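Asker: Pasting a structure here, questions to come.
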Ligand code: ANZ
Ligand code: ZN
């Protein structure tokens, strides 16, 4: 009977569900919490999901077999813009769109046979989740973790709406095409910057995280040491006798050529009020979006105010004050001094506006003239740890590293009293206000009498109104006829609801904690959280290495502070694994005008379309709908079964690297699994022992265990290919063969759980394999059966031979006598003595 995955997989999935095999239970076993980053309900699962969830499932099933009480949940990151976009484009309601997508994707996921506790499933747009997220917000507000301040947003002047950063494309609104402007709005912020230092230093303790991710987090937090100091101004308006700047390179002070202010600097505001030219320049700067990337890549723009400052080290030396679009108001002091010789941006700016470029230091040994000549064309920006020669130094030695010179410059400023050494972080507070509908409402009200007032907990949840339309731009909550009107929880008077909703990153910053008790009437249940936290193994894409993980780390700390998590959960993810992508070749032809036309893999056979047209094959790249190089997991599962998809995903490359999906690879995986089934089915009833096969099985236990523990799933798969081949070749029969088949089933179970159950049952396994536990290797069988014996001739070690461990003495003696070196020493004579110490050494006396 050939293997029929369709019926077998459905049968086992039902058996596991009926037995409640994957229900996570708090009991006396040690716990293990494995979590894969939960999906956004876009409408269909893709191969990336299959890879991610298969890896998590291998870990979950393995740990379960090892005797852990495993929590392996699934949910939906369900708020966000695509649902609103769909409503705008196709009509309908974001809620209906989202829940319909969830239903579809759940039905696509279930046939993969993942060992998920589906009873814990939730979506972040569920009323219950919204309620608890709002409760958390109120607790955070109470604990001083939230603030309200003014910040810049992207404003679309045609659609009259705030745009998210991803809706700004090349500085233009994604729908209107209008040039985006910056506007100031009062917004809500989580005070993540209070934790900058701790979020940075705690990275050292995250030994279960990839170094790469820790480094990315550290760079994002961006700790820097520098000097904050004041320039005295000349002829500036009242209140601006001094301008304070922040620099990380105070050692370059003698190469300063200008001071630059942010367009939002208070002095610029004062100047703009009096001078329309300044106001117009500021307006021009506002046309760049608010993203750091937009500001970084925009052309450098400057405006000379005509004002000057005195150099702190030379009162006769005056520097011009410019306004520059690349100086941000919310970093440092919103003002800098420029040293074009040693900074890319300053160089570009100075070159454009004809400002002096004067070297402070050059390569080791350079003269002032040589250094000036070098920086005339391009800035010289060596690592701070590199030794250089100061040609315009002012503190310390001429030859020193940048680091030492910075320290000396700070000491100099502090001694002379014009500045102080300070530490700054790049990390900004986390602005969570979104002027959109499909998100978690921020639970506060605005009262004319009391100001901004938190909603009372007993009035939660504040739910979104259902009767909204998306036929006009802007936030439907703003124009809803009644939703805003409420009463002030403080004075009982009329008040208006906040219409901002929360950034969807908030939703995904604590879902891992909610999974420990998804039905609790509080954000978490402490007994459950204490038992299940932390996540022992978190798995997801590298694209979440910065923001999602940083926000989650902050949230865990905030939840500890507000009593929702134990102190031991400050770092919520003990180990993190970032998996590679799934790639596929791209197939392309051209239309009559030469434009590229892409084709789905299923429409291409041997490099040709059905009508015979040859396609160009472009090397493998990340699966993407626009290039049509996608394979639908649903089709793969339908034609081969889930086990084939799972096996192939795990087999071809290490999990951290990209895997290329090929039809031939899927075919080969399917063939192998069918062969394993046949091997079991055709097992001869009679026949004897095969100690070699038994030994191979025990070695496989040791190696597969080690490979799974080390996330080397491809090695585990390779080992199982080897074991299956050994079974195929062996003459072993009866119980001896079945015992090996059962071990093979146990070892395969985390990867191909359905087939493994079949093999287990056919090989006489008791009960379901899912309850059978993990096999133990017999250590006696792991010992090497080959030993290397040194040969000593006349007391000196001269050679060695490798022999079977249990080789009889006379055979060893024969091998020694045949050895090349021994024969040379004996030169035809018989040895005076030949002593074999089995397993140890051979002594020859010539
Ligand atoms: C003088 C200087 C000379 C600088 C030089 C750099 C190189 P990090 O390392 O990221 O902390 N800067 C300070 N505040 C700024 C702001 N609000 N907007 C834009 N740039 C600002 O960067 C610190 C450096 O970035 C500071 O050191 C300052 O330029 C600039 F050869 O001061 B530096
Ligand atoms: Zn009030």
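Just so it is clear, glycine is given a Cβ too, placed from its N, Cα and C backbone atoms.
Grabbed the feature section from TrEMBL, which reads as follows:
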type: BINDING; residues: 625; note: ATP binding site
type: DOMAIN; residues: 34-168; note: domain 'Methionyl/Leucyl tRNA synthetase'
type: DOMAIN; residues: 219-367; note: domain 'Leucyl-tRNA synthetase editing'
type: DOMAIN; residues: 428-584; note: domain 'Aminoacyl-tRNA synthetase class Ia'
type: DOMAIN; residues: 622-661; note: domain 'Aminoacyl-tRNA synthetase class Ia'
type: DOMAIN; residues: 693-810; note: domain 'Methionyl/Valyl/Leucyl/Isoleucyl-tRNA synthetase anticodon-binding'
type: MOTIF; residues: 39-49; note: motif ''HIGH' region'
type: MOTIF; residues: 622-626; note: motif ''KMSKS' region'
Asker: Using DSSP reduced to three states, classify the residue listed as 'ATP binding site' as helix, strand or coil.
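Answerer: DSSP assigns the residue listed as 'ATP binding site' to helix.
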Asker: Who are the chain neighbours of the motif ''HIGH' region' (39-49) in space, where the CB to CB distance is under 8 Å and they lie at least 6 residues beyond its ends?
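Answerer: Beyond its ends, the motif ''HIGH' region' (39-49) has Cβ neighbours at 76-78, 80, 82, 98, 101-102, 104-105, 108-109, 123, 541, 581-582, 623, 630-634, 649, 661.
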Asker: Using DSSP, tally how many residues of the domain 'Leucyl-tRNA synthetase editing' (219-367) sit in helix, strand and coil.
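Answerer: Within the domain 'Leucyl-tRNA synthetase editing' (219-367) the tally stands at 48 helix, 49 strand, 52 coil.
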Asker: Give me the DSSP three-state residue breakdown of the domain 'Methionyl/Valyl/Leucyl/Isoleucyl-tRNA synthetase anticodon-binding' (693-810), ordered helix, strand, coil.
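Answerer: Residue counts for the domain 'Methionyl/Valyl/Leucyl/Isoleucyl-tRNA synthetase anticodon-binding' (693-810) by secondary structure: 68 helix, 17 strand, 33 coil.
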